[in-house]
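Here the structure comes first, spelled out in structure tokens, and everything after it is commentary.
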Amino acid sequence: MDGIISSRHMKKIDAYATENLGIPSIILMENAGVGSYYLLKDEPYKSYVIVCSTGNNGGDGLVLARQLFVAGKFVYLNIVGDMDRQTDEFKTNLEIIKKIGLSYRLIKNKEVDLEILKAQIQRSDAVIDAIFGIGLTRDVEGIFADTINTINEYSKYTVSLDIPSGLECDNGIVMGTCIKANRTITFYKTKNALVNESQYSGKVDVVPISIPYDLTI
């Protein structure tokens, strides 16, 4: 698949898919996570650190975490962000995570939790970045920035879902700090900031998510 799309247009496409085509957003999330799994399943990595926010980019990460876990991969799952601000889709997928027996940690404390994250990364083959998606509009700060910087410092190989966390989707500006991915798996179409593969995006792959490719809204 080729084609380029802005964040604003992508949001309109998502809304049209759910409201007019009747595709629930949780199905789009499932398609994104499963599609990402199929791009990664034949890679040599046996252990993953997955870091999710509590939004829908994080929900994509939860779907991928589940797929890797049931396929027999070792998964360290981490969640960063306000657990009182989970999207409905994230919440549903987190309940599934609990029921299949995949444990997770919350990243809250810089001194303790990020030291644990560092150790997990050092023991693992790859990191999945599912923190921020295309909706980021302000600089990354606080525990989010510290988490991104820890990933950048210690990860051997990083895969970002949809867009590297901290990279503004349309103009490629770094919003304070940004994941430096080796690979980015983006959804539906390539985003503007990913057109020229960079030090932040690495190799870019596009996963279809069951939305018709030729919508003209």
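Note: Cβ is positioned from N, Cα and C throughout, glycine not excepted.
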Candidates ASP82, ASP84, ASP88, ASP162, the one TrEMBL lists with ASN56, ASN57, GLY58, GLY59, ASP60, GLY133, ILE134, GLY135, LEU136, THR137, ARG138, ASP139 as binding (6S)-NADPHX: ASP162
Residues near LEU136 ((6S)-NADPHX binding site) in space but at least six apart in sequence (CB under 8 A): SER165, GLY166, LEU167, GLU168, CYS169, MET175
Cβ-Cβ neighbours of ASP162 ((6S)-NADPHX binding site) (radius 10 Å): 27
Alpha-carbon spacing, ARG138 ((6S)-NADPHX binding site) to ASP129 (K(+) binding site), which is rounded to whole Å: 18
